[in-house]
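Reading through the C-alpha cells given below for one structure.
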Amino acid sequence: MEFAAFAERVERLEAEPADLETTAIVADLLVAAGDDLETATRFLLGRTYPAHDDRTLDVGPASCREAIARAAGPNVTADDVEARLAERGEIGAVAADFDFGGQRGLSAFGDGSDPLSIAEVDDTLRELAAAAGEGSESRKVDALFGLFNRCDPAEARTLARLVLGEMRIGVGEGTVRDAVAEAFLAAVDDESDGSEEAAVDDESDGSEEAAVDDESDGSEEAAVDDESDENGDANRASDGAYAAVERALQVTNDYGRVARLAREEGMEGLDAERIRIGRPVQAMLAQAGSAADAVESFGEVAVEAKFDGARVQVHYAPGPDGFGPRLYSRNMDDVTDALPEIVEFVADRVDVPVVLDGEIVAVDDDGSPLPFQEVLRRFRRKHDVDRMREAVTCRIHAFDCLLAGGDSDGGGEDGDGAPDDLLREPLRARHDRLVDVLPEAAADLRVVDDVEAVERIESAALEEGHEGVMLKDPTSAYTPGDRGRDWLKRKPDVETLDAVVVGAEWGEGRRAELFGTFLLAVRDGDGYEPIGKVATGLTDEELADLTERLEPHVVAESGTELRIRPEVVLEVGYEEIQTSPTYGSGYALRFPRFVGVREDKSAEDVDALERVARLAENGAGPADDASLDSR
Ligand SMILES: Nc1ncnc2c1ncn2[C@@H]1O[C@H](COP(=O)(O)OP(=O)(O)OP(=O)(O)O)[C@@H](O)[C@H]1O
C-alpha cells in the first residue's frame, strides 16, 4: 500500500466525526492494505511495534523538528519549526505546512514519481528504532529527513504524528477491533439468529434471507449490505465475531497479527491463539467493591491480601532451549534486569514452563511489607542495580497462573505435551496450579461465603502490613486487560487519583531552572482533560527529577508555560473534588498535593473522568468507595 493512500484515509478519518463511519473507513482501509495489513493496522494506532513488544522509536520531538526543518529546505531552521509549532500547536499541522514537494521532484528518480510505500516507512522506522550508541541521534534525524523529503503534505502530517506516537484521528483500539471484525468476519454465520442479516453460507435461497454473495441483484432477495445500510448498520459482524477478535487481542496484544489472522484464518484462526511464553498479556484489573458486594455477586468469595507493590508477569521455560525467567511490568515493559533476586528465586524453584501473575513488594529485615514507593526505587532501575538490591529487598507474591506445563515431563495435563493455556480455567483451578508450580510464593487464597469472614481476613491482612484485600469470583476466567466485576479491591485508605501531566510552568527564583507547577489531566474517552495544577508536596529533588522526566515530552512552549505530551503519571492527593468551569474536565481538585510518580503506569492507565465524577458526587474523604465501579 502506498503511504499516500494510507495518509489520504487518515485525513478522511480525522475529518469524520461519526463513530459508525469511522469504523467503516477503518474497515475499508484494512481491506485495501493487502500485504501491508499488519503494518497498516499498527500505524493506525500510532504504533510500529505490537503492544507486547517494548521496543520504541525513541525519537524525541526535537529530532523530529530537525528532520522537518532539513526537508523543508535551506531557509528553514529547527527554531523556525519550533516557532511554527507554538502557533499551530500540533506537529502534524506543522509538517503539512512546509512544502517538501519541491524536494521530492529532485529525489531518486528525478521525476517526482518515487512514491513511499508503508512498508518502506515501516522498515525505516524499525531501522531507526534499532540505532544505538554514538551518533545514533543524528542517524535517526538523517533517516527521518529521507522520509519527509519524499512526503506530500498529507503524508508529512501522518508521518510526523506517527513518529511521535500521536495520531489524533479519533481511532481508538475499540474502533480497530470492531473494524477488523467488520472487514473480515462480517459474513461469518451468526448461529444465534435467523434474521435478515443472514450469513454468506446460508444455503437457502430465493427467500428474503438471501445470502450476501447471492448473484441475483435488483430483486427482493437484496443483499445484506443493502438491507443494513438503511439502518446504519452496514457490515455489522455477529457478536461472536467481535468477541473472537477481542479475545485474540487479549491473548496476543498485537492488532496487526489479529487483523491478519481474521482475514486469513477467520474465527478458527482467532480461537486457536494461545498465551505464549515471551509474549506478555495485559494484566487483569479490579474495581472497587465491598465485602457485601462480593458475597452478593459471587456467593463464594476468594479472598487474598492486596499486596502493596508493583505488578509483574513472570514468563519462564526452564531448560537449555528455554526462555527467561523474564519479568514484565503492568505495561508489558521488560523489567527483568532490575530484579535479579526475583529471577533467581523463580529459576531455582520452578521446573515447568509457566506464566505467572503477581506483585513485587519491598520488605524490611523481618519480611514485613514496606510502602509501595520503596518498590519503585527498584522496579525500572537500569543503573546501580546491585547497590539498590542491597538497599531495598524485594520479594514476589504470585496470585495467578496463566500458563503451566503441569506434569513431570513438562507437558500439559491434557497429555498433548504442550503447556496448558489456563486463561479460561476458573480462578480456583488456576490457583491450584500456582500452588503446584511455586508454592513458596503463592498467595494465600481463602474461599469464604459470608461478610464477617471476609472482614476477619481483611483485618489480618492489614495487621500484616498489606494494603487491603482482593475479593475474586472463584469461578471466573482470567480476562487480560479487563477491569470487570470479577475482581474487587478493598482498601481503607483515602483514595488518591492517578493523573497524567499535560503541561507545566517554569518555577521562580531559586527554582527558575526547574518546572514548578504541573497541569494534570484525567482520561476522557481517547483523550485527556485537565483537572488541576499541582505545585505543593514536592521537594527540590523531586522537582529536578520531574523536570528531567518531562523535558523530552515538551511539545510547545510559550512564555513560562509548556505543553507536554501525556506520558508521565503522577499520583495526587486532594481535599475535595469540585465541579468547576476552569478546566476542560469540568472538575477541579482542591488543594492537590504530589504523592509520587506512578512509574508502573502509562497515560492510558490514569483515572477516567467517570471516576472523578463519582468521587466528586460522593464527596472526598476516607473513601469506602464501594459504590465506585469505574476503576
Ligand atoms: N492478590 C492480588 N490480586 C490481584 N491484584 C493484586 C493483589 N495484590 C495486589 N494487587 C495489585 O492491585 C492492583 C489491582 O488494583 P487496580 O486494578 O485498581 O490497580 P491500580 O489502579 O494500580 O490500583 P491501586 O492504585 O489501588 O493499586 C493490581 O494491579 C495489582 O497490582
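Just so you know, glycine gets a Cβ as well, placed from its N, Cα and C.
What TrEMBL lists as active site, N6-AMP-lysine intermediate is Lys306. Around the Cβ of Lys306 (active site, N6-AMP-lysine intermediate), a 10 Å sphere holds 22 further Cβ atoms from the protein chains shown.
Per TrEMBL, ATP binding site is recorded for Glu304, Arg311, Arg330, Glu359, Phe399, Arg483, Lys489. Spatially close to Arg311 (ATP binding site) yet at least six residues away along the chain are Ala283, Ser329, Arg330, Asp357, Gly358, Glu359, Ile360, Asp600, judged by Cβ distances under 8 angstroms. In the three-state DSSP reading, Arg311 (ATP binding site) counts as strand.
What TrEMBL lists as compositional bias 'Acidic residues' is 188-232.
If you look up TrEMBL, you'll see 396-524 marked as domain 'ATP-dependent DNA ligase family profile'.
Residues annotated as region 'Disordered' in TrEMBL: 188-237.
Considering only the binding-site residues Phe399, Arg483, Lys489, Lys306 (active site, N6-AMP-lysine intermediate) has Lys489 as its nearest partner by CA-CA distance. Per-class residue totals from DSSP over the domain 'ATP-dependent DNA ligase family profile' (396-524), listed helix then strand then coil: 27 helix, 48 strand, 54 coil. Around Glu304 (ATP binding site), the C-beta neighbours below 8 angstroms that are at least 6 residues distant in the chain are Phe399, Ala443, Asp444, Leu445, Arg446, Val469, Met470, Lys472. Among the record's ATP binders, Glu304, Arg311, Arg330, Glu359, Phe399, Arg483, Lys489, no two C-alpha atoms are more than 19 Å apart, and one pair sits at exactly that spread.
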